[in-house]
């Protein structure tokens with residue numbers, strides 16, 4: 001038995017926070033050493049933070065990274081008898097690389113650049129970094145003076161190499177490289193690498209952890225090996241939440257797993273594993289042995305350290321079951337942790353939410369409620385950083401210990417029902433009950449006088465008085481009167497956020513929360529610069545369908561029963577007068593259901609469908625509808641998407657949660673001025689509809705894969 005103890009971690013790094021990032025790195029190294037680990041792995045670009053974006057182009061960023069590394073190397077205890085693997089950008093021959101830097105006993109042994117850049121979805125690493133495309137090549141890297149004065153080294157090696165210790169071989173692949181078809185671990189495993197490490201900067205997306213785990217399991221189950229995975233965790237300054245989930249696997253089995261969602265800044269996990277288990281699996285797999293025999297050798301960098309324990313007092317850790325959260329739990333915990341990080345790092349004193357009594361604002365309020373519950377839980381576990389942040393945010397004395405989530409919410413969460421004569425008693429009462437259930441300080445405000453002042457100003461200018469549709473007005477008048485109410489709410493929300501703490505005699509101001517869902521943004525069913533315009537939006541990347549499942553879960557399992565009432569309510573903007581014969585409905589106004597919108601959104605972004613390919617897909621999936629009806633639905637969606645696309649350019653920064661997000665910032669790049677007629681696209685759809693109408697026999701066979709087998713029976 002040859003056991004080794006290895007450590008990996010989740011770190012809540014913050015882009016460009018060099019002081020805080022360094023403190024967390026140092027603490028993680030100390031924790032790893034205290035647990036007896038001989039190898040410590042950290043997240044991708046952990047010294048500066050993964051989300052620096054165009055700050056990577058600044059030489060200052062490089063300077064501060066080397067300064068931080070110098071602090072680590074200067075302390076003789078930090079790297080004594082432990083391999084420390086840190087992530088940082090490195091400039092080599094005036095080319096910028098995303099690198100792993102391997103330290104031991106105050107020396108740098110290897111700088112290993114990333115070979116494959118993440119360039120899809122939210123990632124654009126190729127904008128800042130160049131991949132190392134020289135397989136099995138190492139070069140001389142000349143160390144900056146700030147480092148050589150400490151290490152006594154003028155140079156070290158940089159490139160595609162393997163670390164050889166006295167008893168095993170180690171190499172790394174970084175984040176995206178795990179997801180590529182020809183991952184580095186394949187060839188390196190065949191060349192004798194037994195321990196693979198992956199310092200990652202992987203953000204949360206619903207159900208993404210399943211993919212990550214499957215890839216790590218596959219990396220070690222096919223031909224044996226030990227795999228360490230590290231990740232950032234938290235909001236590092238943007239729309240993304242890095243969801244941790246550090247883990248250690250051996251031969252396809254998990255032996256240690258960290259949290260996916262947490263308020264803890266530093267989480268270090270370790271596992272003791274037996275190298276002989278890897279060697280036994282590999283040596284008995286003869287097909288693998290034959291391929292290994294043909295593998296071209298990698299350069300090796302020798303490190304004078306023995307990782308294995310010299311006694312029999314360190315038995316291997318047992319296999320554990322991997323913990324997964326349900327999608328509803330992910331919607332609750334991910335944005336809640338993101339909101340806490342955003343609040344504590346913003347320097348502000350709480351959140352303000354316009355609470356309408358509808359599903360979207362109820363879901364947003366519930367996420368704040370869960371955030372408060374997580375704070376209480378962490379404080380009860382002795383998390384000193386969370387307690388310190390809670391006291392500072394709420395301007396509470398040092399002896400204040402939050403023990404009740406509703407009481408804590410009352411110190412930092414403010415809501416208001418911004419009603420009008422078009423609002424119903426049901427939504428007003430519902431908003432009050434939800435606020436009470438969560439614990440917010442709740443206000444009720446009527447906006448009629450404010451909105452009317454705009455209409456009066458218009459009448460004074462034009463000598464005309466616009467009317468609602470219900471009172472004989474034209475569609476233009478009706479829309480303008482709705483929009484002025486919506487925009488009034490936005491201005492009033494910011495005014496309240498600025499002064500509600502002043503009303504209580506407390507310092508600070510509040511962040512304004514938006515609560516527009518992904519579907520409505522995509523359809524453009526919102527007023528530009530209304531309550532959808534806010535500081536941040538925790539639900540802007542989620543569909544109404546996903547939010548409804550979250551509301552059901554939160555109502556049943558997070559002690560928020562009042563929000564369940566929104567599930568049976570008809571979604572309505574309540575911007576038009578309610579009459580005996582008319583009550584405004586979102587789905588009627590939009591001309592499509594939320595279920596349909598969710599499908600359109602996924603096909604448009606995830607499946608990359610234009611109008612024609614979307615119609616071809618749906619005419620099969622919706623075989624119960626006439627092709628002409630499907631065509632009309634698809635055309636209507638793309639028409640409204642085109643005329644409202646400009647609204648997406650001003651969307652409030654939203655938590656990224658799903659692949660169907662319409663986020664205009666860097667995820668869904670498209671023009672914002674369209675020909676809404678879609679002449680060629682719609683003509684092509686019409687031709688397909690005509691062909692289908694001339695072949696009616698196809699109607700009964702579309703989307704019936706089991707029809708042949710049923711006929712045979």
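From the backbone N, Cα and C atoms, a Cβ is placed for every residue, glycine too.
Listed features, source Swiss-Prot:
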DOMAIN    4-275  domain 'CN hydrolase'
ACT_SITE  44  active site, proton acceptor
ACT_SITE  114  active site, for glutaminase activity
ACT_SITE  175  active site, nucleophile
REGION    324-703  region 'Ligase'
BINDING   354, 355, 356, 357, 358, 359, 360, 361  ATP binding site
ACT_SITE  356  active site
Please identify, from the binding-site residues 354, 357, 358, the residue with the sparsest Cβ neighbourhood, meaning fewest other Cβ atoms within 10 angstroms. 358
All chains considered, the count of other Cβ atoms within 10 Å of the Cβ of residue 355 (ATP binding site) is 28
So for residue 359 (ATP binding site), how many other CB atoms are inside 10 Å of its CB? 24
Same chain only, sequence gap of 6 or more: which residues have a CB within under 8 Å of the CB of residue 356 (ATP binding site)? 417, 418, 427, 431, 515, 531, 574
Could you please provide the mean pLDDT value for the region 'Ligase' (324-703)? 93
What is the number of other Cβ atoms found within 10 Å of the Cβ of residue 361 (ATP binding site)? 25
Around the C-beta of residue 114 (active site, for glutaminase activity), how many further C-beta atoms are within 10 angstroms, looking at every protein chain? 26
Nearest-integer angstrom distance between the alpha carbons (Cα) of residue 358 (ATP binding site) and residue 175 (active site, nucleophile): 40
May I ask for the distance between residue 357 (ATP binding site) and residue 44 (active site, proton acceptor), taken between their Cα atoms and rounded to an integer number of Å? 42
Cβ neighbour count (within 10 Å, all chains shown) around residue 360 (ATP binding site): 25
Would you count the other CB atoms within 10 A of the CB of residue 175 (active site, nucleophile), including those on all shown protein chains? 27
